[in-house]
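**Student:** Pulled these from TrEMBL:
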REGION    1-38  region 'Disordered'
REPEAT    259-293  repeat 'PPR'
REPEAT    362-396  repeat 'PPR'
DOMAIN    577-669  domain 'DYW'
Amino acid sequence: MAAAASVMPPHADPPPLAAARNPTAPASDSQRRRDAPTPSLRALFLRAVDPSRPSSWSAAVADLLSSGDPAAALAAFAAALRANPAALRPALPPALRAAAAAASLAAGRQLHLLALRSGLFPSDAYAASALLHMYHHCSRPLDARRAFDEIPAPNPVIVTAMASGCVRNNLVYPALAIFRSMVASDSAAVVDEAAALVALSASARVPDRGITGGIHALVAKIGLEGHAGVANTMLDAYAKGGGCDLGAARKLFDMMERDAVSWNTMIALYAQNGLSAEALRLYGKMLNVGGGIRCNAVTLSAVLLACAHAGAIQTGKRIHNQVVRMGLEENAHVGTSVVDMYSKCGRVEMARKAFRRVKEKNILTWSAMIAGYGMQGHGQETLEVFNEMRRSGLKPNYITFISVLAACSHAGLLNEGRHWYNAMRKEFGIEPGVEHYGCMVDLLGRAGCLDEAYGLIKEMNVKPDAAMWGALLSACRIHKNVELAEIAANRLFELDASNSGYYVLLSNIYAEAGMWKDVERMRVLFKIRGMKKPPGYSSVELKGKTHSFYVGDKRHPQHKEIYAYLDKLLERMQEAGYAPNTGSVHHDLDEEEKGSMLRIHSEKLAVAFALMNSVQGSVIHVIKNLRVCTDCHTAIKIITKLTGREIIVRDIKRFHHFKDGLCSCGDYW
């Protein structure tokens, strides 16, 4: 017990500093009171503890631990053993927990030895549970397992402690195996709230989503479904399962007694899965539910994420106003969400203003701002913020470099991209991952260095993913390299055969090259493999409501006015030199038929609707779920020049910031 004894409280306070005082001088009453000896720490400690009572020592150790001073708790335990050996039994469990809190493996091992010599381990359940807790908190799960295996008949508390420790050390499958053995050994009745929480925490970390459903069934059977903590943990487990468990999560949410944690989890689940409308609807219900449930920083961050995914700038502004009213604008977590929302809605200057208001910026805040400029293709501004972050003392990480390289790619900064790609490894010691390689392939492809991009893919030390081959395929479309496009497409078909976008993109390349037999071959292959192209649509937000349009859409209440307005607009566009890019139509039709198909694309319908219904001078935001077609891209550039309006289109690939007849992408996407 040397480790514990070494941190014992002092036996006495230092003597009063009286040497500077004249010992013969008379002392006043006030001076006498000041100079009277104060009680020592030891005296105060003994005044609170009855040395003759073991439980008093146990309480002292536990109180010191709960006050946040595990070293003092260990010292008190050492004092207890000297003062009253009978204090060992009640004081050992809190002493083991103190060793865990201090992450002192040395003290923990001494306590383990003491428990063995005294016979408290493995016979005493409390000591055994605390011992397992200590080893797991000291990151020694194998030692915990060896100790667990020495316990002849572990009770549910000990089993739960073992499983909880496994989860702590990310050993989720062993944790679930222990939980199953506990259920099988007796009956489901041994599962209490603590055991259910541990099992659900473990299930949230495994890819097999059926496990959560199985635990849910058991929890419902034994009547724990209504427990707030269990229900919230179960909801979190479903949330981590993604969209596949969305229905089960909502069913549980609708049945449970909801608190702020429940609402936040469900809103975040919808937002993270791109179901922004559902997230915003649920947020509206939360505001009206009453019962003392109020939105907080977590709620607002989740709702801002929903706005970011939907590109709902007007709703996002209202949520930002709520952030300001609640005094959370300087909060790093919420402030970062505001920056991210404005960035993904294409309003990078507003993102910059929000960024400046965050007081304690962390690496995520800086990364959000860097990514914001990068998404808009503002390469130089991205690098300026990146260098500003470095000057602040923060070291760039793996994610930061993804944003920097992506910005160089979007802005076509070939030399800068090469520099930071090399510096990432040599200066900062960060090995590139698939995301960094993907950015470099995109950057090289944009610059027309297709052979170099292909060579990088062949030489890199990680397996190329679909995004990387997709970047090369996109570059081949821009630079009309059919041969390399076929190589990239074949790799994509192997990696992700169910993704219809790759078939469509290769078909586009064939169509633009006039290779109609190959276009037909792709169409046949598309059908044989049972592929279905997701319907393309464009959406625009107006007065807080989202309006969606599909190609040739006539479901909108204003569709007649929209088509009439678009016809007049197309006449003006043609007078300004616009000619339909019929090469982007994938059917071997005559030119007039192709032109008719192009004029009813969803992007044009959304832009026409927004021009009709918004005030002059306001920025138009359009969200496209697929890649913007070449003809619509050309058309929108001309529209901005004719109307003097600014139009931001966010497609599946990137942002297009149209203004004065130009696009921020430089016609590369």
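Cβ atoms here come from the backbone N, Cα and C positions, even for glycine.
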**Student:** How does the model score the repeat 'PPR' (259-293) in terms of mean pLDDT?
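**Tutor:** Taking every residue of the repeat 'PPR' (259-293) together, the mean pLDDT is 89.
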**Student:** With helix taken as DSSP H, G or I, strand as E or B and everything else coil, how many residues of the repeat 'PPR' (259-293) land in each class?
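**Tutor:** For the repeat 'PPR' (259-293), the helix, strand and coil counts are 26 helix, 0 strand, 9 coil.
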**Student:** Quick check on the domain 'DYW' (577-669): DSSP residue counts for helix, strand, coil, in that order please.
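**Tutor:** Computed counts for the domain 'DYW' (577-669) are 37 helix, 16 strand, 40 coil.
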**Student:** Of the residues in the repeat 'PPR' (362-396), how many are helix, strand and coil by DSSP?
**Tutor:** 26 helix, 0 strand, 9 coil
